[in-house]
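Over in Swiss-Prot, the protein carries these features:
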| type | residues | note |
| --- | --- | --- |
| BINDING | Cys60, Cys182, Cys269 | iron-sulfur cluster binding site |
Amino acid sequence: MKISDVVVELFREAAIYLPEDVKNALEEAYKKESSEISKNTLKAIIENNKIAEETQVPLCQDTGVPIVFLKIGKNINSSEIMKIIEEIKEGVKKATEEVPLRPNVVHPLTRENFKTNVGLNSPFINIEFDESLDREIEIIAFPKGAGSENMSALKMLKPSDGIEGIKNFVLETIANAGGKPCPPIVVGIGIGGTADVALKLAKKALLRKIGERHRDKEIANLEKELLEKINSLGIGAMGLGGDITALDVFIEIAGCHTASLPVGICIQCWADRRAIKRIKLDAKL
């Protein structure tokens, strides 16, 4: 199977099927929710997902912008990497037509629609190298809707603001977002690096499965504390008030300048869509 065909199937899977961990988290949220209106909203979300699977149509009308996380193993040369990138672009074009995906990607100033979700650096491909893979690549399709993406935030805190400053910024951001990102949400937080790195870490944090804690115990405890505090805000499903505002909180960190404390926040809606595939490359790509 060509890489472009794999990309089509990954975006089809991501658009139609929620990952099992997300489905289970929504079911748990439904059981725990005490607000009748939020409980009914969660019930509607769960039923919506079943209908999407049965009818093979995307589970949300906003099929997002196409984001790809690409891991490249060893023994893959630069010309092969360029070929892989072209195959990913071709796959996004085909997926837009075949799944179908809504053609969301437009010119930022003229608002001209590219019709294919490909153009001006889209799809957005994040590349990293992994020596544990030998002539293998890993592709994660990660469609991202506008409602949650528009609630992203970045703040360059003072180092003296410390952990309390980070907590306050996160809670202020979620409180101000309210129902706009279509809760129950998943919250990705990037701490450290530079401004751009913090936001990239926050986006990457959203790739984790619900319940998957950070390997550093201190960070893991901060994730749990923030989840509890966010759910105490009472925003509830779709902002209608309730116990469950977030399904999980994930944090990623990086070293930063001694005079900086960047914090990036990326929010994912209840439709926490992602699909992953590893591919062993042929002798000649």
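Keep in mind that glycine also has a Cβ here, set from the backbone N, Cα and C atoms.
Shown in sequence order, Gly145, Cys269, Ala271 are the residues of the chain, 6+ apart in sequence, with a C-beta less than 8 angstroms from the C-beta of Cys60 (iron-sulfur cluster binding site). Taking the mean position of the Cβ atoms of Cys60, Cys182, Cys269 as the iron-sulfur cluster site, the remaining same-chain residues with a Cβ inside 8 Å of that point are Asp62, Gly145, Gly147, Ser148, Pro181, Trp270, Ala271.
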